[in-house]
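I have placed the structure first, in the form of structure tokens, so that the comments after it can refer back to it.
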Amino acid sequence: MRVYIAHNGCLEAEPIYGTICELVAQRKMSVITDPHARNNESARNTDSGVVSLNQAGRNKYLDQETTSRSINVPFCAGISIGGDGTFLRMARDLKNTGTPLFGVNMGRMGFLVDIEPEDIVNLVENIVKGEYTEEKRLPITASVQRGGKKIHDEWAVNEITIERKVEGKVVDIEVFVDGCRVMDISCNGIIIATATGSTAYSFSSGGPIVWPEMKVTLVVPVSPHELFAKPIVLPDNRSILLKVTSRDNKVVLCSDGQVRLCLQSGDEIACHVGKVPVVFGRVKKGCFAEHLVKKFNLQTA
């Protein structure tokens with residue numbers, strides 16, 4: 001059995017990282033760490049758990065190329081140590097594998113990660129015994145066409161966005177749904193979000209919160225310069241096409257907050273719901289409404 005561990009590289013996360021590695025090794029499982037953790041020298045050299053794993057030959061620090069090859073071999077679980085950003089990076093590393101993903105919260109909010117550091121022993125036990133539930137979340141994908149040729153494919157858990165590259169500039173975008181133009185706007189950007197991503201960038205830009213099991217896609221303009229450019233909620237089987245009409249090329253394509261590609265005027269971005277779900281592992285019971293109240297510190301009394 002193999003466990004994939006993603007580490008945010010912060011000093012506060014190192015003891016948790018070492019403890020999880022040691023717990024996993026004690027149960028005769030091997031550990032694969034992401035390149036971000038591999039490049040953290042203090043994480044490699046100061047944690048006794050990590051050193052003993054190296055000596056035992058069960059802990060492998062891999063470069064990106066080796067990591068990609070290792071992903072082809074199944075993992076029993078993926079564990080991130082950090083905030084939502086670390087969890088999303090792990091999800092990208094393990095995309096299309098069906099690996100159950102767990103997150104230990106070392107961030108400020110950690111909406112996607114629900115394991116506290118003091119619960120890591122129970123977490124490893126739950127993984128070993130298979131005592132957890134799985135939530136299957138559909139990702140969003142995008143294909144970029146330039147001059148009639150596909151130049152890039154993208155994938156995200158939360159959202160894919162088109163944004164301005166330079167402050168003070170606006171982005172001109174046409175939005176088509178099933179071939180029908182529904183928006184022609186100037187804005188700071190536009191968000192194509194999943195139900196999972198409805199509590200992230202989409203929410204901060206005025207989009208609605210939707211329950212993660214809902215099969216919908218959100219189209220949310222960011223600071224639009226039109227009076228009636230409002231968020232749209234679509235069934236997840238709709239075809240969404242974005243066309244960049246900005247006269248300059250100060251536009252970028254981002255996925256889950258990371259810049260992936262510089263766009264040009266005339267580029268077309270076709271967005272679809274992914275076919276292979278992202279599997280969220282859950283060891284805690286609770287409903288989504290309770291999670292909202294806790295994470296957003298909502299005043300309910």
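Glycine residues also receive a Cβ, built from the backbone N, Cα and C atoms like all the rest.
Listed in sequence order, the residues of the same chain lying 6 or more apart from Asp84 (NAD(+) binding site) and placing their CB within less than 8 Å of its CB are Gly103, Gly107, Met109, Gly110, Phe111, Leu112, Val113, Ala200. The feature NAD(+) binding site is assigned by Swiss-Prot to Asp84, Gly85, Arg89, Asn158, Glu159, Lys169, Asn188, Thr199, Ala200, Tyr201, Ser202, Phe203, Ser204, Gln258.
Look at Asp84 (NAD(+) binding site): DSSP puts it in a helix. Per Swiss-Prot, the feature active site, proton acceptor maps to Asp84.
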Sparsest-packed among the binding-site residues, when each Cβ's other Cβ atoms within 10 Å are tallied, from Asn188, Ser202, Ser204: Ser204
C-beta crowding around Arg89 (NAD(+) binding site), within 10 angstroms: 20
Nonlocal neighbours by CB distance (under 8 Å) for Glu159 (NAD(+) binding site), same chain, sequence gap 6 or more: Ile140, Ile191, Ile192, Ala193, Thr194, Gly197, Ala200, Tyr201, Ser202, Ser255, Asp256
Where Ser202 (NAD(+) binding site) falls in three-state DSSP terms: helix
